[in-house]
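Per Swiss-Prot, the features are as follows:
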BINDING   A188, T189, G190, G191, A192, G193  NADP(+) binding site
ACT_SITE  C242  active site
Amino acid sequence: MSNEVSIKELIEKAKVAQKKLEAYSQEQVDVLVKALGKVVYDNAEMFAKEAVEETEMGVYEDKVAKCHLKSGAIWNHIKDKKTVGIIKEEPERALVYVAKPKGVVAATTPITNPVVTPMCNAMAAIKGRNTIIVAPHPKAKKVSAHTVELMNAELKKLGAPENIIQIVEAPSREAAKELMESADVVIATGGAGRVKAAYSSGRPAYGVGPGNSQVIVDKGYDYNKAAQDIITGRKYDNGIICSSEQSVIAPAEDYDKVIAAFVENGAFYVEDEETVEKFRSTLFKDGKINSKIIGKSVQIIADLAGVKVPEGTKVIVLKGKGAGEKDVLCKEKMCPVLVALKYDTFEEAVEIAMANYMYEGAGHTAGIHSDNDENIRYAGTVLPISRLVVNQPATTAGGSFNNGFNPTTTLGCGSWGRNSISENLTYEHLINVSRIGYFNKEAKVPSYEEIWG
């Protein structure tokens with residue numbers, strides 16, 4: 001069967017199922033959405049094992065934690081939200097808001113997150129009474145298919161319409177392209193090629209941009225805590241989280257203290273240029289990331305570079321030779337490796353981060369470890385980012401119980417990253433909202449003198 005026929009059939013089935021799902025009440029919808037998250041929560045260990053084995057990326061324990069945290073955080077965030085019928089009324093404006101589904105959602109998912117991304121997108125889609133078709137990464141299709149299979153098994157127990165979640169069984173660029181061109185709305189999480197294809201599909205699309213989180217350590221902050229938080233984020237799942245830390249920008253006068261804090265907390269620091277170059281040439285080939293190091297452990301990366309590191313090393317920190325295009329290490333490194341850079345003034349720290357974003361990753365995420373709110377707000381105002389994560393691992397930009405970012409696996413990067421949104425994607429992006437506007441007898445109509453005076 002050709003991709004054309006199979007995609008066409010998936011779309012037709014999804015449309016039929018969507019019309020049935022559209023008749024569901026809020027209570028019925030929420031029962032289904034909760035079940036999807038609970039399936040991943042309950043099977044976290046199995047899914048984590050399958051993901052590591054198939055993709056050969058990441059860390060089993062971190063993938064278990066990710067399944068638990070994301071499923072719980074997403075359900076906790078959306079469980080009380082209205083998405084069916086009248087969702088809000090504003091008597092003072094004489095407006096009534098009515099939620100309606102967008103239809104069939106096409107969702108491409110990355111090799112780096114083959115379980116939680118399908119779950120997240122399915123929960124958001126069905127919360128809005130949409131159906132969804134997942135286009136998995138070809139090298140993660142088995143675990144993604146198993147995730148969809150178990151979610152569907154749970155939906156069947158609940159008597160849900162058949163085919164509200166489907167998956168492309170033979171994923172390819174051609175199949176993904178056709179799917180995106182046939183759906184009502186597209187979520188593109190993955191490489192730049194897929195995101196570009198989504199925005200070229202002729203359909204409303206939500207894509208993501210490349211990560212390259214710059215992290216500023218403010219002078220006088222608790223360097224030990226900063227090191228702990230940054231290492232926690234950088235080593236998580238062997239560094240494949242899109243918002244995880246990439247560069248540490250530290251005060252020059254306390255640089256040695258900052259590095260000492262990193263070493264004390266399990267980092268291996270490299271400052272001699274010859275050894276740094278061994279890692280540089282291992283991580284990047286012709287200016288592009290070496291696919292062989294993505295999601296690999298510190299030990300594997302060190303072995304590839306021909307460098308011995310102490311057993312138990314959590315991350316590798318390399319001394320950079322300059323910001324932006326001066327050093328390819330200032331690009332995104334999807335493994336537990338950081339580049340360290342010095343600054344004299346806080347304004348210079350922000351300039352260094354800016355140079356690195358102009359090199360790669362504009363619009364995504366930054367981190368700052370500081371007690372100075374003026375500096376925090378300055379960085380948040382000046383940098384071309386959608387999220388500034390304060391005094392916590394940058395990996396929490398995707399939402400956690402300790403911050404206000406909406407929990408998601410799709411992080412919009414705004415126009416900087418050539419995306420349509422500069423926030424975390426949620427169910428709200430997958431509903432249409434109609435507005436009923438009554439004649440407002442109580443409205444005060446200002447005179448032109450009042451307006452222009």
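The backbone N, Cα and C atoms fix where each Cβ goes, glycine too.
Put simply, the residue listed as 'active site' is 10 Å from G190 (NADP(+) binding site) when counted between their Cα atoms. The two recorded residues, A188 (NADP(+) binding site) and the residue listed as 'active site', show a Cα separation of 14 Å. The residue listed as 'active site' falls outside any helix or strand according to DSSP and counts as coil.
Sequence-distant neighbours of A192 (NADP(+) binding site) (same chain, 6+ apart, CB under 8 A from its CB) are P210. One residue stands out among the binding-site residues G190, G191, G193 for having the most other Cβ atoms within 10 Å of its Cβ: G190. According to its DSSP assignment, A188 (NADP(+) binding site) is in a strand.
Sequence-distant neighbours of the residue listed as 'active site': residues of the same chain at least 6 apart with a C-beta under 8 Å from its C-beta are T112, V208, P210, G211, H364, T365, L411.
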